[in-house]
Each structure stands twice: as structure tokens, then as C-alpha cells.
Amino acid sequence: AMFSVLLRCCALLCVLSSGAGAVASCEPVRIPMCQSMLWNMTRMPNHLHHSTQENAILSIEQFQDLLDTQCSAVLRFFLCAMYAPICTIEFQTDPIKPCKAVCEAARDACRPVMRQYNHDWPESMACDELPVYERAVCISPEAIVTVMPEGELTRSATVEMVNKERHLYLICASISPQRCKCRKIKANQKTYTAKNYNYVIRARVKDVHRSGCSEIQTTVEVKDVIKSSGVSISRGDVHLYTNSSCLCPELLTADEYIIMGYEDRMRTRLLLFDGCVAEKWKERWGKK
């Protein structure tokens, strides 16, 4: 039923486009940071007025460190919707903008991190300039559809269409473990000094719980607190939060690790994401 709704939606898009005039010139997404998105076609200039993807690549790279903090589950989506917007020939000649709510979610979650380094949310990506879902056409992470017609898993990108009689109930795309590629970071003094981790603990993994598509909560039993900063850590059960579909670094239930990571002081959370350290515990760690 959902697939048939999607087909009717696509048919409506084609009808709307029949008198649109000039056809948009779509091109494959070549921005490395955005090639993991579920759309593969974009159009230049983008929403930040980059005339080529090569120019966009040079600009978007400035956000890599912010992405590494995992401050927001929708930051990568928002950046790619701005730098490599979905190009839908069937719908309109102009690239589709991300919804204002997506921008606000990324901005509000990441602004505290940026301010720690004397930066602020760029004026070029002001959320007030973006369309509101109820009054315009825009795209959000929920507009990435996963459907399964005739037993086959397919992925299709669509846009949120406003003021339509039928609402598409959209679900998240499932991400297989094979798509998760975690960086291997060794637990040593050089890494600890370079990364400036907020906390270091010795802990046993008790449970890994996924909440929706973009948050993982790992429950660990803390054996020793080697370092803590703004968030108080006590022995016993503690939750580590990962704002991603991939649990990186990899953890196995019942195993004991030395874990080095960062804090979300605004929400008093301990964060664990790709770039943090989780290595099987060795007794020599307790002597350092």
C-alpha cells in the first residue's frame, strides 16, 4: 500500500513537471562527505552558490571536525542538503531546500560545541531563510523512504509535499552492519593527548539499545573512573550515547574495555562515537 502511494506521488510529480519549462541539469554526487546519502544526483549551483562540486568540496570540509563530535544526528543530512541538494528533474528546476526544522535541530545541537571554539552557526546557513514544512516544499531525513515491493529492498528519495490530501508515512532506511566502517584508534598516550578526551573509564559492556534510526544507548558497568570532566561519573551502570546508526567504536556485550570519549555537558551525557577509543582492557592500563 505504501509503495502504491509512492508511485501515485511520483506520477503526480510528473504531471506537475509537464509545463515546467527548462529541465534541471542533474549530475552525480561527487562530494565524498555526501556520497553516503541515499540520493545520488545533485545540481549546481547549490544553496550556498557554489558553481561546481569541486568548490563545494573545499567549503564543506571545514565541518568535518564538527561532524566528528556527533553533536547532531541530522548535521550531515543538513549539510549535504545544502551543499549537494537533491536534484529531481520530475519536480522542479530549482534544487530542493532542507526544511527549517532540520536546520534548527542541527544548529541548536551543535552551536554549544562550536562556541567552545569561538565559532558560531554560519550566517550563510541561517535557518530563518529555509522553508517551513507546513507552507512549502522541503526535505528532511524522514523523506528518505525505504520500501519493499515484491520482496526486494529498494531505496527511493522523495520530497515532503505540503497541502496534499494523503500523507506518506515514511520510515528510516535500514543500515546493515557491513556499511559501518569504524576507525581503529589505539589507546595510547599519544592518542589521549592529541584527542583531549573528556572522560576515560574502565567498563564492562552490559547492553546495547537502539532508539529509532539515529541513536544508540550503550549501558556499561563502570569499574574504574580514570578521568572525568564536567559530567560526574560513578561506579556502576552508566549510559553512553551514540548519535548514529553505527556503533563506533565497536563493542561486544560482556567484554571489558578502556573507553575514552567526550561529554555533552548541556545534557550531562557521555558520548561515544567514531573517533573515540574502546579497546579491550589490559591490566597494564591501570598502571598508567
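Cβ coordinates are placed from backbone N, Cα and C, and glycine is handled just like the others.
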Disulphide bridge to CYS127 as given by TrEMBL, partner from CYS87, CYS99, CYS103: CYS103
Selected from CYS34, CYS99, CYS110: TrEMBL disulphide partner of CYS80: CYS34
Cysteine paired with CYS87, where TrEMBL records a disulfide bond, from CYS10, CYS14, CYS26, CYS138: CYS26
Which listed residue (CYS26, CYS34) has most other Cβ within 10 Å, given these are disulfide-bonded residues: CYS34
Closest of CYS34, CYS80, CYS87 to CYS103 (disulfide bond), Cα positions, disulfide-bonded residues only: CYS80
Candidate disulfide-bonded residues CYS26, CYS34, CYS80, CYS87, pick with smallest Cα gap to CYS127 (disulfide bond): CYS80
Lowest local Cβ density (other Cβ within 10 Å) among disulfide-bonded residues: CYS80, CYS87, CYS103, CYS127: CYS127
